[in-house]
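To start, the structure itself, in structure tokens.
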Amino acid sequence: MLSRVAKRAFSSTVANPYKVTVLGAGGGIGQPLSLLLKLNHKVTDLRLYDLKGAKGVATDLSHIPTNSVVKGFTPEEPDGLNNALKDTDMVLIPAGVPRKPGMTRDDLFAINASIVRDLAAATAESAPNAAILVISNPVNSTVPIVAQVLKNKGVYNPKKLFGVTTLDSIRAARFISEVENTDPTQERVNVIGGHSGITIIPLISQTNHKLMSDDKRHELIHRIQFGGDEVVKAKNGAGSATLSMAHAGAKFANAVLSGFKGERDVIEPSFVDSPLFKSEGIEFFASPVTLGPDGIEKIHPIGELSSEEEEMLQKCKETLKKNIEKGVNFVASK
């Protein structure tokens, strides 16, 4: 699903050059994500970092005739990570291990938490003003990890920290179009809450399909919430949702850059430091946000919910609060 903003990414003119860094560029998400960013004409300086493979990916992409320069960095060279990050405008973090059959996003926490923490610390040192887009799962916990690291370093800017939840929205659009036999490019489904299982709440009642039968709706909601499992199973242990996630990450990155450029009405969902349920001890929440030159301009209210969605929200908040606390406590304990 390409929004108007996403389509504008492929225009041939560049008004503002942006430096973008991908941390974990050699992985299953990192490689296709880097390709899509190479094709985005808002990006003129693309830096790719990984423990291995980043230089090969960068060389491969450098043959594509777009107006961006691409360079790979590894920890083997002096200041490799620092040079990949220095003065960059945007950092995308898809680094970490992928899900395997039987694993949940939370099962990834033990491995990915330390990876994200260390990359956040490096970003705080070398690119304290950059927008940070967290893709590494579990996003419900890794975003709070990044926030806590930035706070400890004294450079936390809640307007520039994003958990990328776009995949939930594009899945919702695609899946609802299959059920209702509509054009998926014309579907827009607000998905709120978090980015795993029951914390994912697609607001079907706010679409044109509110009269869908209960059975259809329940099946649709479950598929949106657990769509990642569908891919993990289909790949038979060989990976997770890498290609669709790369598309989602590139789509959201383009939206952030469009906001930086001052384009109007750039609205995308994201898991952010949010006031919506702070009074209940929930510091982060996914909802539509308006993006502008300084990052988040406005966090939109979730609107009117059906009774079913209200019930889903209550269950979401219980789980989400624990997920967030898990991330915060991880940083505090180290």
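Just so you know, glycine gets a Cβ as well, placed from its N, Cα and C.
According to Swiss-Prot, the active site, proton acceptor annotation covers HIS195, on the basis of similarity to another entry. Marked as NAD(+) binding site by Swiss-Prot: GLY24, ALA25, GLY26, GLY27, GLY28, ILE29, GLY30, ASP50, ASN112, ILE135, SER136, ASN137, MET245. Per Swiss-Prot, the feature substrate binding site maps to ARG99, ARG105, ASN137, ARG171. Summarising the annotation, Swiss-Prot assigns phosphoserine to SER177 and lists a large-scale study or a structure entry as the type of evidence. Swiss-Prot lists THR199 with the feature phosphothreonine. Annotation comment: Swiss-Prot describes 1-17 as transit peptide.
Structure coloured by features recorded in Swiss-Prot.
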| residue | record | contacts (Cβ under 8 Å, 6+ apart) |
| --- | --- | --- |
| GLY24 | NAD(+) binding site | GLY30, TYR49, ASP50, ILE93, PRO94, ALA95, GLY96, SER136 |
| GLY28 | NAD(+) binding site | PRO98, GLY239, SER240, THR242 |
| ASN112 | NAD(+) binding site | ALA95, GLY96, VAL97, SER136, ASN137, PRO138, THR142 |
| ARG171 | substrate binding site | ARG223, ILE224, GLY227, SER244 |
| SER177 | phosphoserine | ASP183, PRO184, GLU187 |
| THR199 | phosphothreonine | ASN140, GLY193, CYS316, THR319, LEU320, ASN323 |
| MET245 | NAD(+) binding site | ILE29, LEU33, PRO94, ILE135, LEU167 |
DSSP-derived structure type at the residue listed as 'phosphoserine', helix or strand or else coil: helix
For the binding-site residues GLY26, GLY30, the one whose C-beta sees the most other C-beta atoms within 10 angstroms: GLY30
Conformational class of ARG171 (substrate binding site) under the three-state DSSP mapping: helix
Integer Å distance between the CA atoms belonging to ARG99 (substrate binding site) and GLY26 (NAD(+) binding site): 16
Number of other Cβ atoms within 10 Å of the Cβ of SER136 (NAD(+) binding site) across all protein chains: 30
Neighbour-count leader, CB within 10 A, recorded positions: ARG99, HIS195: HIS195
Between the residue listed as 'active site, proton acceptor' and ARG99 (substrate binding site), the C-alpha gap once rounded to whole angstrom: 14
